[in-house]
Amino acid sequence: MAELSLESVQEDYTRDGTVDLKGNPVLRSKRGGWTACSFLVVYEVFERIAFNGIASNLVRYLTRELHQGTVTSANNVTNWVGTMWLSPIIGAYVADAYLGRYWTFMIGSIIYILGMLLLTLAVSVPSLKPPACKNNTNAGIYFNCKEASPLHLGIFFLSLYILAIGNGGCKANISTIGADQFDAFDQKERARKHSFFNWWLFSVFFGNLIAATVLVYIQDNVGWAVGYALCTFGLMLAVIIFVIGTPFYRHKLPAGSPFTKMAKVLVAALRKRTVPLPSDTKELYELSLTAQVETKQFQIKATDSLRCLNKAAVKIPGKNSPWELCTVTQVEETKQMLKMLPILVSTFVPSMMLAQVNTLFVKQGMTLNRHIGAHFQIPPASLQAFGIISMLVSIVIYDRLGVPFLRKFTKIPRGISILQRIGIGQVLYIVTAAVAAMTEHHRLRVAREHGVVGTGATVPLTIFILLPQFVIMGIADAFMDPARFEFFYDQAPEGMKSLGTSYNFTSLGIGNFLSSLLLSIVSHLTKRNGGKGWILNNLNESRLYYYYTFFVALNCLNFVFLIVVSKNFVYKAEVSETETGH
C-alpha cells in the first residue's frame, strides 16, 4: 500500500485510512461522499424489495402451497428471518478479519443471487411442490391436501438458507461501506454521515413498501413464479448498481475482528486478575500519539467503569504479547461494547413483537373478508404497507415537529435521549399487543355468531379491522427502529462500528428465534391434558387473543427491565454532556 505522507494530506487525501481497491490513498474530491452513497442507497431499495418480497408473504406460501399448519408455517418464517438477521455477524467477522467489506459483499451477493434463482425454480416447477388442494375455504383453511414431500421441503428450504448465507455477506457490510465514504477526521463529512443514515433508513422503508404492495399483489393474483422472479431480478439489478459505483468507493483495509480484540482484553484481564491496579491511570499501557496517528486510531482515556478490565493494560515486564497486554483504548472499547449488552437484551421482546407482523397478523387477515368492491381483493400481507406508511409519516412528524419542540425543554439536540425514544417505542408495542388482543376477541365473537368456527370459513368482517394494530405497530417502529440502529452504531467506539451494527442485527435475529420458541411452547402447553390449545390451524377455533394478552404482560415486564438498565447506562464521553436523560 502506498504510504500516506503529509503532502498527500495537504492535497486533500482522506485521513481515516481509506484507500482504493489497489490499496492506494484516495482524494476526498474523487471518491466517497454522496456520489458513492447514491449507488448504495439505490442498491438498498432494490435489495429490500427482493428480501421483503419473500419475507412479507412467506407464511401464505407455506400455508397455501406447502400445506403447513399455523404453528409450523409461522415458526419456519421466523426461523428463516432470524437466520437472515444473524448471518451478518459472520459476514462482519469475515470482512473485518480477512477479506474486507467490498470483497465479502461481492462474494455474498453471488451466493445471495444463487439462492434466489433456486428459490424461483422451486416455486415455478410443478414437480418441486405438492399438488394443489382439491378444495378450500378461501380463509386460510385447506382440505384434502397432500403433504409436501421431503424433496419439496428440502429444495425450498435449501434455497432459503443459501439465500440467508449470501445475505450475511451483504447486509453486514453495505451500511458500513456507506459509513466509510465519509472521513471520520473531517467535521463536515462526519455531519454528512448522519444525513446518509437518514436516507438509508428511508430506502429501507421505501423498498419494504413496494414489496408489501406490488410484489405481494402479484404473488397472490398473478402467480408465485412471477412474483419470485421479480424478486430475483430486483436483487440482480441491485448488485449491478452497486458494481457500477465501484470506481467511486473508498475502502478500509481489514483491521482485525472486534471479537478478537475484545477476547484479548478479557483474557489479559483474567490472567492478571491478582495484579493490583496503579493509582494513576497514566501508568497503564497506551500507544504513543505518533503511533495512534499512524494507525488512524481514536484515543480513549481510562474510566472507572468495569475497573477489573483495566488490569489488561497493566504493564508487567516480560508480558507484552497481545493476549497479555492491551492498550487503554482497546480496554475502553471492550467496556463500551459490554455495557450495551443489557440494552441489547431489552430489545429482544420488541423484536419478538415485530415477528408477528409477517406471521400471525397475516394469518388473521387470511380469515377475513378481503374484498374492496366487486372484483378486487387485498392480499393479507399488504396490510403491512399501512404500517410502513404510518412509520414514515411518524418519523417525518417527529423529526420536523417533535424534536424542535422537545429540544426547547430538554436542551438535548435529539429532543430526547436515544434510550427515551426506545422506551416510547416499547410502550407503543404494549398498546399494539393490547389492541391486537381486543381485535382478535371481537373477530372470534363474530365467527361464533355466524357459525363459521368449525368450518373455518371466512369471517364476515372486513380485513381493515386489523388496520389499528398495523398502524400502531408502525408508529412504534418509528420510535424503536431508528433509535435502536442509532444507539448501537453511535455508542459503539470508532474501532468497533461494525460490531455495533451487528448488535442491531442480533436483536432482530434473536427476537425471531425467541418468537419461534415461544409459539412452540405455548402451542404445546395449551394442548396438554386434553386442552383445546390457543393456536390451531383453524384460527376460528383458536384462542389467539390469549397469546396476544400474554404479549402485553411480557412487554410490560420488558419495559420495567429497560427502565432499570437505562438508569445505569452511561453514554459515550463525546455525547454524555447532551444525553443527560435516560
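First residue shown is number 1, and so on along the chain.
For all residues, glycine too, the Cβ spot is worked out from N, Cα and C.
Here TrEMBL gives transmembrane segment for one range in the set 51-75, 251-275, 301-325, 501-525: that range is 501-525. At the 8 Å Cβ threshold, with sequence separation of at least 6, the transmembrane segment (418-439) lacks contact with the transmembrane segment (148-166), having fewer than 3 such pairs. Here the transmembrane segment (197-218) does not lie next to the transmembrane segment (148-166) in space: the count of CB pairs under 8 Å, restricted to residues six or more apart, is fewer than 3. Remote same-chain partners of the transmembrane segment (224-244), defined as residues 6 or more beyond its termini with a Cβ less than 8 Å from a stretch Cβ, comprise 39-40, 42-47, 49-50, 53-54, 57, 61, 65, 105-106, 109, 112-113, 116-117, 119-120, 123-124, 174, 215-216, 218.
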